[in-house]
Amino acid sequence: MGQRLSGGRSCLDVPGRLLPQPPPSPPPVRRKLALLFAMLCIWLYMFLYSCAGSCAAAPGLLLLGSGSRAAHAPPAPAPGPDGTTPRLPFQAAPATPLAAGREPAEGAASQEEQSPETPDSPSPISSFFSGSGSKQLPQAIIIGVKKGGTRALLEFLRVHPDVRAVGAEPHFFDRSYDKGLAWYRDLMPRTLDGQITMEKTPSYFVTREAPARISAMSKDTKLIVVVRDPVTRAISDYTQTLSKRPDIPTFESLTFKNRTTGLIDTSWSAIRIGIYAKHLEHWLRHFPIGQMLFVSGERLISDPAGELGRVQDFLGLKRIITDKHFYFNETKGFPCLKKAEGSSKPHCLGKTKGRTHPEIDREVVRLLRDFYRPFNLKFYQMTGQDFGWD
């Protein structure tokens, strides 16, 4: 048998405290809690990761437009290839009161289109994953027209989780083309696989160089044009300029080269923009008509879900934006979104939209309708759509 120790005890009788003992097992409740906590952490990580791109565009409440000015400010110029920062273009002041109501007025209005209407601010979750995704050149562009409803359309589209759009108008293909595609791409928001990058600059539609430049970027770019009764559009254009510069000439004096003969002044941008058929001809030299979608600005107000359905189909998106997203704001006279991107409060287009138009002489309106009628009919034929303006 074993060797005897002092006191007559065998080595087999050494107390258990002298031998190594296994650690006591944790109580069953503690093990379950630890397992539950680990599963919760994994679920939370996967949820946040999947929401990095899509949750930023999930519906939140929108009465179209008014976000923070900081978020709407145009993006700062990125350094060029040589490391220097490009200078902002200089805008000269108009020389005469009459000129003030014409071309410079178009530039002033264009600045308003960019300014405080739509933030490009991501949601907190999107900000947390700001490094996710990549910046892509836009696959779809809203190219026009000014005062047609382009801002409303972009606001509506941003509700879709698969649409990511830059807020401020880039004006790349008309004003900043010399800065290069790398500069343009850097303006875009980050997107994940399956998401579409978009931008809107209404002046592209009337810029002669824009069709060729966009085609050079990608012949597959989808183009969206929001059009509106050209007479109403011209008055709205004038109203916007008048709100900024009350001293401009009257609408009637700007409309005619000679009021006695009734000769319309097509050099005035407010009139020229509405000759849609003429501008469309330039685009059809570079893009097939099937690659362009023409949205009715009137139906965007009377049936926003219907028009958005057409747009979502055109972009190859699932129809997520429906009637349930809209309500009509009686004060503004516009449809508004119940929920907007990154928001949980009602939000409509800001005070720069829905201004009361000045009274225009009925004879002037009649002459303008007579002027636009043949151009409208040709536009209907070119697009295969009757917009009902005549």
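Each Cβ is built from the backbone N, Cα and C atoms, and glycine gets one as well.
Per TrEMBL, the feature region 'Disordered' maps to 1-27 (among others).
Taken from TrEMBL, the feature region 'Disordered' applies to 70-133 (among others).
What TrEMBL lists as compositional bias 'Polar residues' is 111-120.
As annotated by TrEMBL, compositional bias 'Low complexity' applies to 123-133.
Summarising the annotation, TrEMBL assigns domain 'Sulfotransferase' to 138-373.
Residues or ranges marked as 3'-phosphoadenylyl sulfate binding site by TrEMBL: K147, G148, G149, T150, R151, R228, S236, K353, G354, R355, T356, H357.
With a 10 A radius on its CB, C336 (disulfide bond) counts 24 other CB atoms from all the protein chains. As annotated by TrEMBL, disulfide bond applies to C336-C348.
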Judged by other C-beta atoms within 10 Å of its C-beta, the most isolated of the binding-site residues S236, T356 is T356
For K147 (3'-phosphoadenylyl sulfate binding site) and C348 (disulfide bond), the CA-to-CA distance in whole Å is 16
CA pair R151 (3'-phosphoadenylyl sulfate binding site) / C336 (disulfide bond), Å rounded to integer, equals 12
CA pair C336 (disulfide bond) / S236 (3'-phosphoadenylyl sulfate binding site), Å rounded to integer, equals 20
